[in-house]
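Trainee: Taken from TrEMBL, the feature region 'Disordered' covers 1-31. What TrEMBL records for 49-68, 125-143, 174-193, 213-232, 244-263, 302-325, 332-355, 361-380, 401-418 is transmembrane segment.
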Amino acid sequence: MVPLPGGNAKRGARAGFEDGSGRGQKIPAAAGHPSRMIPDYLERFDRNAVLWGLVFFGILLRILQYIADPSLWLDESMLALNLIHRDFSGLRAPLDYEQAAPLLFLYLERCAVIAWGKGGMALRAVPFISGVAVMPLGLLTIRRLLPKGTWAFGLLLLAVSDPLIDYSCQLKPYALDAAAALLVIYLVLRLIQNKRAPIELLLLGGLGIIGPWLSYPLIFVMPMGFAVLFLAKNTRGDRLRIMGAVGAVLLWISSLLGLFVYLSGWASVSSLQGVWARSGGFAPFPPSSAEDLLWYARSAYLLFRMPGGLLIPIAGLILMIPALINLIRTRAWALSVLLLGPLFLALLASGFALYPFSGRLLLFLSPSLIFLLALGFSEVAAYLRSLEIVKRGKGKGKGKALAFTALFILLAGATVGVETMRACYGIIRPRGREEVREMVSFLVQRAHADDLVYVYYASALPFEFYCPDPPCPLWRGIKARANPELYYEDLDEMPRQSRVWIFLSHLYNWGDLDEGRLILDHLEEKGLLLEQHLFEGGQLALFDLSGGSAEPHQDPTK
């Protein structure tokens, strides 16, 4: 029998592994981790009403973020302009502005543009649908993957995960990555826990064909799923299942080779590799210094912030320890391969500078990390349950019991507590980076035909998306971080007019260089600040650079 967590005995009979006679075997929760050790109060949360309530709560959080419709920020506008100005054949060529995305994702986005227009909600429809799909997929998966007593904790973390909510409403493929990874895990679980699952096998074969073109991270997830499938007991001796699995693998390999041929020689891929290398996205392999080892330690810590979604990553690191202990003690190799295998494959690819191991590009690992945190949480709870002193409140182990009780409460607060509060705050104030749409609307209303608009270089593409027909002439600022003196030269070359708008968003502010402050301070030396208006993630300023004596006007909302 494959040592995979199942659930309680009743569920194990339905979803457990099939024996040779075709009758389901009952599997103890977390094989070797008896469900009786998990406190009853945790199992009571795993009722259907509670679980589906958490699913709908997670969907509601994503809907509220979606209908808030914040402005597209710089990264989104780069991809949006490609989608708007290209047809399907044009999307097969390297994208402009150093962008890269799976071809089928681009095709789905293009269909959304054709069907619903060029607005932000239309462009974010595919990520939104993917983000919503994560919740029911998460419920179906966690029930088959983890023991009862962990489900509610895992689903709640999945529902309130800040990265999963955020990227379900961004024009990026990362929410689709998470949903696709969950789907693969669920299909593999269905196949190894059911004697006959022809539909799941067909779906896995279909994913083998379209997967590399739909979600790049499936390159790391599908091999692990195939490995578990081939080594599962109910695959052995079943010639039809073996042939189907081999066919799915061959389809996946053929599609993957086609993708590599398609992408080979793309200059944009090489350019992105340079960007990722400069930002420290590639693992130093093999590590040869203390600094290299520090990269691994820092990456492990940050993994629980993004994609793990924890505001307090140290809580994730602590919970991972009992989770790993559980996997080792119970020899749950299938669970380990499904949840940890893609992580190590991605890390290996990063070591060869093939895929960056950082940030949002790892969002496909978010559900797996959350499931492991749930397993770690249940392990701490089970240990507390095993301490009889918790019941009696006396004896030599009282201090130990109190310490673990405090740890349990702190971990619960630092994970589901903090993240639930953060998600609820997102209802009051939806996530947003820079409100370029509001800035453009304000500018169009106030600008005169003979005004001049200086557009900061990082604002240029969002400005172009929201204002394809500017109300007055533009002056596009240069990018000169390496030599800030060039900003002064560029500003001094602007025409000396009585009304010059300064459009600033996505400002670079790192170390001693604050580009927004640098630009405004220099212009105040050369002219007169008439108005200044602040927006979320940006600002508009109106200057008189003619050398006249116009009276300054300060906006009362400043």
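All residue numbers here begin at 1 and follow the chain in the order shown.
The backbone N, Cα and C atoms fix where each Cβ goes, and this holds for glycine too.
Any idea what these are sitting next to in the structure?
Mentor: Tertiary proximity for the transmembrane segment (125-143) is limited to same-chain residues at least six positions away from its ends with a CB under 8 Å from its CB atoms, namely 7, 11, 15, 51-52, 54-56, 58-59, 62-63, 66, 105, 108-109, 112, 116, 150-151, 154-155, 158-159, 164-165, 167-176, 178-180, 182-183, 185-186, 189, 367, 371, 374.
Cβ atoms under 8 Å from those of the transmembrane segment (174-193) belong to residues 2, 4, 6, 15-18, 105, 126-128, 130-131, 133-134, 137-138, 140-141, 144-145, 164, 167-168, 200-201, 203-204, 207, 211, 214-218, 221-222, 225, 228-229, 232, 234-235, 241, 307, 334, 338-339, 342, 360-361, 363-368 of the same chain, restricted to positions at least 6 beyond its ends.
Remote same-chain partners of the transmembrane segment (213-232), defined as residues 6 or more beyond its termini with a Cβ less than 8 Å from a stretch Cβ, comprise 2, 17, 102-105, 173, 176-177, 180-181, 184-185, 187-188, 191-192, 204, 207, 242, 245, 248-249, 252, 255-256, 259, 334, 337-338, 341-343, 345-346, 349, 355, 361-362, 364.
Taking Cβ pairs closer than 8 Å, the transmembrane segment (244-263) reaches residues 103, 198, 201, 204-205, 207-213, 219, 222, 226, 229-230, 235, 269 in its own chain, all 6 or more past its ends.
Tertiary proximity for the transmembrane segment (332-355) is limited to same-chain residues at least six positions away from its ends with a CB under 8 Å from its CB atoms, namely 2-5, 30-32, 145, 181, 185, 188-189, 192, 216-217, 219-221, 223-225, 227-228, 231-232, 273, 276-277, 281-286, 326, 361-362, 364-365, 368, 371-372.
Here the transmembrane segment (401-418) has Cβ contacts under 8 Å with residues 153, 156-157, 160, 310-312, 314-316, 318-319, 373, 377, 380-381, 383-384, 387, 389-390 of the same chain, all six or more residues outside its ends.
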